[in-house]
Amino acid sequence: MKMFQSFFSNYIDINFFRNATLDQCLLLFYLSLFSLTNLFLIQKLFHANHTQHPLKKYFGETCLLEYIQIILSIVSAALSFYLDTNAVWWAIRTITHLEIVGLNILSSLKYGSTLFSWISVANAFGLLLLRLISIYDFLTYSSWSFSVKGGSFLLLLPLAYNITLFLLVIIPLFFPRAWSPTVKFSKVARPSPEQTCSIFSLIFTYGWLNGIIWKSWKKPITLTDVPALPDTECTQIWYSRFAKNDRKSLMHTILLSLKSTILLMVFLSVLVSSTLFVTPLAIKKLLQYLQNPKSDEGNSPFLWVFVLLIGPYLASVVKELYVHVSRRFMLRIKAAITQMIYKKVLTSKTLFVAVDGSKINLDYVYNLLAKDVDNIGEMREFIGIIARAPLEMGVSMYFLYQLLGWSAYVGLLLAILSSSFPLLVASKISRLTSIANTSSDERIRLTTELLKSIKITKLFGWERPMLSRIQEKRSFEVNNMYSLTLFDIIFKSGMKIAPFISMFITFAIYTKIMGHQLTPATAFTSISMFGLLRYQFIWLASVSRQFIQFKVSLKRVDNFVYGNMVNDSSIESSDSFVFENTSLSWSPTPSTALFQLKNLNFTIPRNQFTLVVGSTGSGKSTLAMALLGELHVISGKMTTPSISQRIAYVPQAAWLRNGTIRSNILFGEPYDEERYFQIIKACCLDSDLNSMNDGDLTYIHSNGSSLSGGQKQRVSLARALYSNAEVYIFDDIFSALDVSTSRKIYESCFLSTLLQHKTIILFTHNVSLCLPIAENVIVLKNSTAQLVSPDSIQELVPSTFFSSNTKKDNIEEENLEPHSFSFDSTLASSSDNDEQRDFASNSSIVLLGLHYLKYFGSNKYILGSILLVMMSQVSLASIHFWIALWSGNSLFSLKLPSSFSFLWGYAILLFIYFLMDLSRAITFAKGGRTASENIHDILSERVLYSPLHWFEKTAAGRILNRFSKDMYATDNLLWASLEGMLLCVMAILITMLNVTLVMPIFMVPAAFVSLLVYLHGYAYSKAQKQLTSLQSSRTSPVFTMLGETLGGITVIRAFKKEKIFEHENMAFIDDMIQPLYISFAINRWLAIRTDGISGLVGFSTGLIALLRQNIPPGLVGFSLNSAIGFNISVLVFVRANNEILTYINNFRRLYEYMLLPSEKNESSCLTKPMNKEWPTLGHVSIKNLTVSYSIGQAAVLEDINLEILPKEKIAIVGRTGSGKSTMGLTLLRFTMIMSGAVEVDGIDINSLDLEVLRQRISLIPQDPVLISGTVRSNLDPFEEYGDGELNEILKTASCESLVQASNKNSLDAFAIHLDTPVDSGGVNFSSGQRQILALARALVRKSRIVILDESTASVDDTTDRRIQQMLRAAFKHATVLCIAHRIKTIVDYDKVLVLDSGKTVEFGSPKSLYTQRRAFWKMCKESHISL
């Protein structure tokens, strides 16, 4: 009763009311009610604003409820002035009410009600501050007394006033807030609940996330279920701000653009540091009271127990608010810099040739987005540590000095020395990190290239050597990672032990030299302070490594974004293309150029048809790039059409986007139905679209992989024609079309009104088709160009350009055969469905964990690792327990050792802890290394030996994600998270055991808290898993967009569609940020609840100790210290458990690939011994052959019977989908033989080892693939031949003119030798040169059986004739099967096989089949060939 009396006498301030008259008291109470009513009216007002209240049309922008608010505010003001009194507290209350009234009116009339909630909160906390004085007086009692003069009425009235005032403080915190879009261009169609929730939900509970938590508990969520991204976080806002504050330095740009956010983070960091000392102070005060209850009668111990309850929660509120703001800071950086990188891609020269001449690998750009952008975002950690570390260290040392006197200076000295340790090892960490990153990038680069060239790898049977190359890179990478990990472990262990050493030396000086008694209050408060220091040192150690990575990433991104800023001042604008003594190069510095066009002097007339011709490798495509402004002007002057003239460009290799055929043709232009179908017909697409189920709405994947080469080219042509541009540049558009389609397109496009009065520049080999309408001709030769009239062209170019056979006499435009292999999609793309699959179930998680441990080490090794975790945690707890015994020595009845013995015991325990902790970390790191090696070896082997059709249906980006993102998580994070979770489990168990031994009743609150934390953790985990999955699925489009842009950058810039692509990319970034933002936010949701719930543990421990007077203070301190650690361990355990689930999911995806069916497992037992030189004859016998691509699918070849004699030259022809390419693949066992057999020199190919089979039979594909390295490594990857032999093969493969080239710097005269560098994919060679090198590669093998799949499609007719002659001479002793698309190339073959729908139609010599006047005769007639 006395406590309640004291409460009323202190809290209600009854003495102030005693001097007031009754009417003044009533009016003040009435004033408070008006203020409270005013708040409720504002709440109604919010809903009126949000739903566009109908009364607004009568009252304008200010609705009726706002008028009511203003009237009530005036009444409140009048009532406040009536309360005229000289009392100071009455004046303060009146001023406070006037402030509320004035701000209410101001917010209503000028700023709108959106601001009101924040104003109310500010005033509410001001009023709350007045109340805290009385609350503190109550809790820090000296005596309980109560006396009221004036009766019970004067008691009830102020009580009602204070209740009203309390509600005035609380209610604004629960009001929802009004929302209006921040920017007009915001994509957000709905407000984020974060922007409309109450202040209480926003800051104190993160209750605005309850909806997504509940949805994820009930069902799988989709992106539409995720709360909208606040429109204040949209990419366009922050990209625009970065662009506005651009200082050509990324660091300066970030600081200027986010300065307000940085200042807020610094302010919150200071608050976080301040709240950290509340709990240690409460422990100290409580222990002092327990040591001597009569020492300070002015303080209530219940206050400090209450602080143990509320202190961790308030500290958590401030800390999580800081983390939330810092995560916003990070995501704003991620969004803006990602867009900056994309904008740089859009504005960089083709091939990304840097100023120094070096080429930036495209994988480099992907790494910038995947790693470096996130590393830069982690600068939030540096802001936090810069603001917090000095303050926390300084305050910790001040408290330590207050506790331990001058001995604390020793600890300060050690702290300074320890804090400088990261600086001393920074260079070492930087070097190791750089080496590890470089080795990882090299492995990813090699893996990427392998995926790009997987078809040629499997065709040539190169799996084993390619696997050896990858494993060699992998071994180097793992060794570097392990070295870095070991150094990091030793470094962090030293940083962790430093505060313990400092504590040991400080206690030794305090007790042995200064002669003081170490009391529990002093000891355990010091432990808390040293714990804060220890945390700072660990943080410094962690951040120092992050800082190194940050600097490296910042430099890389800065160099990319602001590097290569070359402005060609020599390029001017006019009405047409003009070259005046112009020299052009891919590089801005001519000394580093691989190729140049020199001394160009000509003008391309406007609105005329100009034909550009030249031999293979003469530089036609290079000139096309020059016209588009993609080359650098080295000397002279170049003039291009003004920006008002639109340019339409059709590249030689068609570029299409993910989307429908219609969207690819429209390409951002408005839909005009009449013109659209006119273009469709002109491009001969009408029949193709009619054959598709969805017509022009058929969805095509990246680069149109589901379309044939001719279809892709015609869609690309339709896109150009639909744009209705002023200038058209066509780069060899007829090479992918058959003769009939070429003629139709020539007539419907070039001879129609579609291209009338347009500037047309056509690069082509098909001179005879287009010359009749050409008004000008540009002839490319010897790295220069000459503009001539059509009449004089025959004097400058070979006569073969005009021969009757120069037409492309393709049998028919080749569609992709059913299930044929196509692997030209971008490596950045991956299936959303794959990434968005549900995480593994709980049971499968356990199984996956056990599978991982199988690769981690033996059972004994795993058991030893777990024991080391337990021993390290036990040794850590033993240190604190030893200090408890030491500090409570005088309070125990037992005979305990002297203080000197305690010091030695402390030192021994310290050494044991260091040894156990170091051993535990090294053991787990070594196990993680073993697991990484084993997993990658199995993964790479399984993927490399997978059937070719698996690569067809599996996106290349998905495979690359396994070897990069998922492998990185397994290499570095999975074992570390497993270790961290085990540490948390042991810490929780040991904490509960420690406190329970001292206070058995502690098990009750501990069990209750554990249950609550488990339920919250389970809800959190379900939501986090699904958000992580969504995040993965929404990240892929950003990389896919980048890949698409890189593939079609010249097309995008030519059509001037950069703005469309920029906005589309920003939309993708917003979609990527949305689940990531919520994912970070629900971490705050969990942390603030876990801290609040776990605060019950410290509160329960303190309350039990206070109520039970028989527990020694030393053990109470030990229990409290353990209980506070329990809070942290519980939260870390929940997060570690979620991390384990995430990283186990990464391992699950790897494990799925580790179980792929392997071609290597197929039978390789020979039915009879095989000659090492097999096949010696090249005799092929096919008997009753029926094949399909996989089990359960329809047959693609049926009942084929052939007898191919040694050295015979067989041509395989047929219409689209007839099975020509399938026949070639069957000989190499890329299909499944359902019945029949194929024998080579009498041996069934099913009985042969696949690698042997594919190494002995050569298939030259239509699409030549070169691997980075040199010409030598491409011809002879296993180094089996000498230079002399390889040079002879180069000459034989029609490359003699290239090998014997002069020093002229031209592409057709550029000296190719064995050491000539080859870029990835051979991009530094023309398509014709790549095809010639691919032919030379086949010649090196000297195979007895050679399969040619239209291997001359990318060369001009002159080169084609030379290659055909070379093939006849080089393979005269070999059996040749030519899959032909041009009749003219096979008329002199021994036999022709005509296929139709997978069946044999005709088989015999060309002349005999021609005389039969059947299928082959019709093909010859269509190609205008007579035999």
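Keep in mind that glycine also has a Cβ here, set from the backbone N, Cα and C atoms.
Residues or ranges marked as transmembrane segment by Swiss-Prot on the basis of sequence analysis: 26-46, 63-83, 87-107, 155-175, 197-217, 262-282, 298-318, 397-417, 489-509, 609-629, 1086-1106, 1223-1243 (among others). What Swiss-Prot records for N49, N437, N567, N581, N601, N658, N703, N782, N842, N994, N1161, N1184 (among others) is N-linked glycosylation site, and it gives sequence analysis as the kind of evidence. Among the features that Swiss-Prot reports, domain 'ABC transmembrane type-1 1' is placed at 262-549, with the record citing sequence analysis. The annotation domain 'ABC transporter 1' is assigned in Swiss-Prot to 579-807. Annotation source Swiss-Prot lists ATP 1 binding site at G614, S615, T616, G617, S618, G619, K620, S621. Sequence annotations record features per position, and here Swiss-Prot assigns domain 'ABC transmembrane type-1 2' to 862-1142. Look at Swiss-Prot and you will find 1180-1422 tagged as domain 'ABC transporter 2', backed by sequence analysis. The feature ATP 2 binding site is assigned by Swiss-Prot to G1214, R1215, T1216, G1217, S1218, G1219, K1220, S1221.
In this structure the alpha carbons, written CA, of N601 (N-linked glycosylation site) and N581 (N-linked glycosylation site) are 5 Å apart. Look at K620 (ATP 1 binding site): DSSP puts it in a helix. Around G1214 (ATP 2 binding site), a 10 Å sphere centred on its CB holds 28 further CB atoms from the protein chains shown.
Within the set of recorded positions N658, N782, R1215, K1220, the entry lying nearest in space to S621 (ATP 1 binding site) is N782 (CA atoms). Most Cβ pairs under 8 Å with the transmembrane segment (197-217) belong to 1086-1106, among the candidate stretches 397-417, 489-509, 609-629, 1086-1106, 1223-1243. Around S1218 (ATP 2 binding site), the C-beta neighbours below 8 angstroms that are at least 6 residues distant in the chain are L1395, D1396, S1397, G1398.
There are 26 other CB atoms within 10 A of the CB of S618 (ATP 1 binding site), with all protein chains counted. The subset of recorded positions (N658, N782, N1184, R1215, G1219) lying with their Cα within 10 Å of the Cα of G619 (ATP 1 binding site) consists of N782, given in sequence order.
Every protein chain considered, the tally of other Cβ atoms within 10 Å of the Cβ of N437 (N-linked glycosylation site) stands at 21. With the fewest other C-beta atoms within 10 Å around its C-beta, N581 stands out among the recorded positions N581, S615. Considering only the binding-site residues G614, G619, G1219, the Cβ with the fewest other Cβ atoms within 10 Å is that of G614. Secondary structure at N994 (N-linked glycosylation site), taken from DSSP and collapsed to helix, strand or coil, is helix. The domain 'ABC transporter 1' (579-807) scores a mean pLDDT of 81 in the predicted structure.
N1184 (N-linked glycosylation site) sits 55 Å from N437 (N-linked glycosylation site), taking the Cα positions as reference. Scoring each of the glycosylation sites (N601, N782, N994) by how many neighbouring Cβ atoms lie within 10 Å, the top position goes to N994. For the recorded positions S621, N658, N1184, S1221, the greatest number of Cβ atoms within 10 Å around a candidate Cβ is found at S1221.
For the recorded site, S1218 (ATP 2 binding site), the DSSP three-state label reads coil.
In the structure as shown, the Cβ atom of R1215 (ATP 2 binding site) sits within 10 Å of 18 other Cβ atoms. Annotation for K620 (ATP 1 binding site): spatial neighbours V612, V613, G614, D731, D732, F763, L780, criterion Cβ-Cβ under 8 Å with sequence separation of six or more.
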